[in-house]
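What TrEMBL lists as signal peptide is 1-22. The feature transmembrane segment is assigned by TrEMBL to 124-149, 161-181, 193-211, 223-243, 249-268, 280-297, 309-326.
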C-alpha cells in the first residue's frame, strides 16, 4: 500500500509540473498570424516552401507538391500547412527564448528541431536501438531453449513459458518499429499505430507477468486469465482508433498496467527467492524511474532530447538486462523440471 501511495504521489507531482510547463503555443496570436501569412504567401521570413507555390487560381504550380519531390522523400508528407506550422513554431520559440520564456507545446507536441525531415531524430535513433536489443534478446533466448537446453520426452522445451516469450518479443519489436515510424513523421495514422502497438504490448506483458507469477501452466486456466485482459486491451485500442485519440487516458491506462506488472514481478521475486531476482529488481526500479520521467514530460533540450527520448534511452540497458533474466529463468525452470523428471 505504501508503494502505491508513493507512486501516486510522484505521478501527481509530475502531472502538476507537466501542466505548468505545457502551455498551448498554437493558441498564441503571433503564431497563428504567422501560419495564416505563410499559407497565403508560402514564406516564413525569408524562407519559402515549394509546397505553397500557388497560381492566381490557388492551384499548386507544376502539380501537387508530392510530385515535385524525389520518390525517396515522399514518405515525409510535409505539405504547405505542416511546413508553415513547423517554421512558425521555430520562429516563435526563438522569440520566446529571447524573452526568457519557457517552451510551449504546439498542437500537443513540444517544439523539436527536424533533421532531414525527421521530427524527433533522437527518439527515432533510440527506438531503433531498442528494436535491435529486443531482437538480440529474442534470438539469444531462442538459441538457448532450442539448442542449449534439454528437451522433454515429448520433444518440446521443458520451460513451459517459451511460447509466451516468443509472442512477447514479436509484440515488443512491433511496438518499437511503430515508435520509430511515429517519431519520424507524426501524423494521425502513425500516432494511432504507435499507441495501439504499445497498448497491445503492455497488456500482453501484464498477462505474462500474471501467468509467470502465479505459475499458471494449464492451457484452460491461461485462456480464462487472458480473456478479460485481451477484451480490455482490445476495447481500449478500438476506443483510441475509432472514437477519440485521448492521449491523457492512454497514458493513465499504460501506466496503470505497467505499475501492476512491476508490483507482481517484485512480490513474486521476493517470495520465490529466484536466483536472478536482483536483475528483476533492477529492471523494475529502472522501469519505475523511466516511467516517472516520461510522465514528467519536460520540453526538449536544445530541441532534440525530451522526456520521451530519455525514456527510450533508459529502456536500452533495461531491455538487455530483462532478456538476461528471461534466459536465467528458462535455465532455472528447465533445471527444476529435469530434476523432478529423474
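Placed from the backbone N, Cα and C atoms, the Cβ positions cover glycine too.
Quick caveat, the model's predicted, so the values are computed rather than measured.
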*asked:* With a cut-off of 8 Å between Cβ atoms, can you find at least three pairs linking the transmembrane segment (249-268) to the transmembrane segment (193-211)? Only pairs 6 or more residues apart in sequence count.
replied: yes
*So which of 161-181, 193-211, 223-243, 280-297 is most in touch with the transmembrane segment (124-149), counting Cβ pairs under 8 Å?*
161-181
_Surrounding residues of the transmembrane segment (193-211) on its own chain - C-beta under 8 Å, 6+ positions past either end_ = 161, 164-165, 167-168, 171-172, 174-175, 177-179, 181-182, 222, 225-226, 229-230, 232-233, 236-237, 240-241, 245, 250, 253-254, 257-258, 260-261, 264-265
